[in-house]
Amino acid sequence: MLNIDKIRHISFVKFLILFVAYMFFINYIFLFKGVFLGFLSGDTLSFSILLFALLSIFFLLLFAGVFCILLVPFLLKPLAIFLIAISSISAYFMQAYGVIIDKGMLLNVLHTDTREAFSYFNASLVLWLIFVTILPCVYVALVKISYGSFKNALRSRVKIALSTLASAAVIFALMSKIFIPFFREHNASTISVLLPYYPIYSGIRLAKSLAQKPLPFTYVADDATLTNDKKKILVLIVGETQRSKNYSLNGYAKNDTNKFTKQKDVVSFTNFYSCGTATETSVPCLFSDLKRENFSNREAKARENLVDIINKLGIKTYFFGNNSGGCKGVCDNLDQNHTSEHRAAGFDEVIFDEAKKVIKDANSTTFIVLHLQGSHGPIYYKGYPSKFKEFTPTCDTAELNKCTPDEIANTYDNTILYEDYLQSELINALEARKDKFEVAMFFFSDHGESLGENGIYLHGLPYSIAPDEQKHIPAIIFSSDSELLKRLKARKDESLSHDFVFSSVLGYFGVKTKAYEPEFDIFR
């Protein structure tokens, strides 16, 4: 018969054993995916099992030693509850979507709106929170832990800490010829999934960066002048979460995702890469004069961006957004009458309609930026009207790991098809004004997306370890200038990126400034 009193009243040693066992369980993502599969990829099954077992023992001992030191009486309960909450919630999203809880991901969470947050809410998450987060936290809060006398408790704690940490050190030393090369090779992909270490480490890094004082503002193009008086209209479209791999214009064979724009004279760039793997980084970066290699959000906030420069030259500049995350500061200095922020209140056609009205009424050089909601996951099935549900069967849930790869791909492809239709309609509107204007459309995505390859979904992994699907993005240009199109077609397979956007737009409008770099001008 279950003895309730033994459950409600336990010694510190028993609590430590339970807590270490819980943390070991919650780290199965690290131990199985990060370590076991890592060894298995290059070695035999029996060898991998042996190393996995030894490393599991190593981490059990390490956890016991570290938590024995950290879980002191007056901090034990609040610290244990904090560690359980952080670890369990992180573990859910790591195993469900294959993400890493790094500084960038935490920044994305910080700027996530209610609508996007609720898109991740499902039955699996509720059950996980109840049984893996809430109930363990309640138990820690209610359990009575006996420590014994101060002298005995201290002696016991020192013995446990020294013996476990010493044993862990011995195992590591004996296996160093295997462990060290492995961790050197797989450091980023293994340590970054260790709980609760990495989320806490990332949170500290984020807090430090947010606490930094703003940098002095820099006018990067204070010498900017217009050298071209030809009337032009350029529509710059920033897509959301689209990857080059699923573009039929680039050879994708499963579904004809570009059946509308392929009827237009457009150039599709096959080797175009994003500045980041999440909107929070990519959007400020692509509008900045900074390049991906030296970009930081802190610096970008303290500098003129592309929209600021074009606007101050007297070119009519508009920013219409439907992205749930807003314009990320890019449109902050524009006249409010020239901006709109729908934040995914409806489908993207709402901002395309706004753009088409501006195009129709334009009487001088005009620059229009559209920031789409696009193919944002995990609820791809809500990213397009029902009449664009052309590729079936679809994945009509946010729990992507419950759908087949075919269902996920079809649903995702439907979002691309819908955006492709909107772009073709915009091209029609531009063509209607080419008698009085040189017109162009420049589309690219902010970043790509993983659709379950190797158990990874969505986006936002650190750039250095992110799969190609999260970085390799589509880019399409339409122009009424046939000579320009001819030059662009000759460059369609070149290695290009968001780094080219800033100078390309300046060059298109004939802006002369020290900030312009001709080698980064696609239109040149």
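Cβ coordinates come from backbone N, Cα and C, glycine included.
TrEMBL: automatically predicted annotations, no manual curation.
When pLDDT values are averaged over the domain 'Phosphoethanolamine transferase N-terminal' (60-208), the model yields 89. As annotated by TrEMBL, domain 'Phosphoethanolamine transferase N-terminal' applies to 60-208.
Annotated domain 'Sulfatase N-terminal' per TrEMBL: 234-511, in sequence order.
Positions annotated as transmembrane segment by TrEMBL: 12-32 (among others). With a threshold of 8 Å between CB atoms, the same-chain residues lying at least 6 positions outside the transmembrane segment (12-32) that come near it are 52, 55-56, 59-60, 63-64, 67-68, 71, 76, 80, 83-84, 87-88, 91, 94-95, 132, 136, 143, 145-148, 153, 156-157, 160, 190, 193-196.
The transmembrane segment annotation in TrEMBL covers 44-72 (among others).
If you look up TrEMBL, you'll see 79-100 (among others) marked as transmembrane segment. Packing against the transmembrane segment (79-100) from elsewhere in the chain are residues 19, 22-23, 26-27, 29, 70-71, 120, 124-125, 128-129, 132-133, 136-137, 140-141, 192-193, 195-196, 198-200, 378, 399-401, 450, 454-458, 460-462, 465: each is 6 or more residues past its ends and has a CB under 8 Å from a CB in it.
Look at TrEMBL and you will find 120-142 (among others) tagged as transmembrane segment. Within the chain carrying the transmembrane segment (120-142), a Cβ under 8 angstroms from the stretch's Cβ atoms is held by residues 8, 22, 26, 77, 80-81, 84-85, 88-89, 91-93, 96, 378, 397-399, all 6 or more beyond its ends.
The feature transmembrane segment is assigned by TrEMBL to 162-183 (among others).
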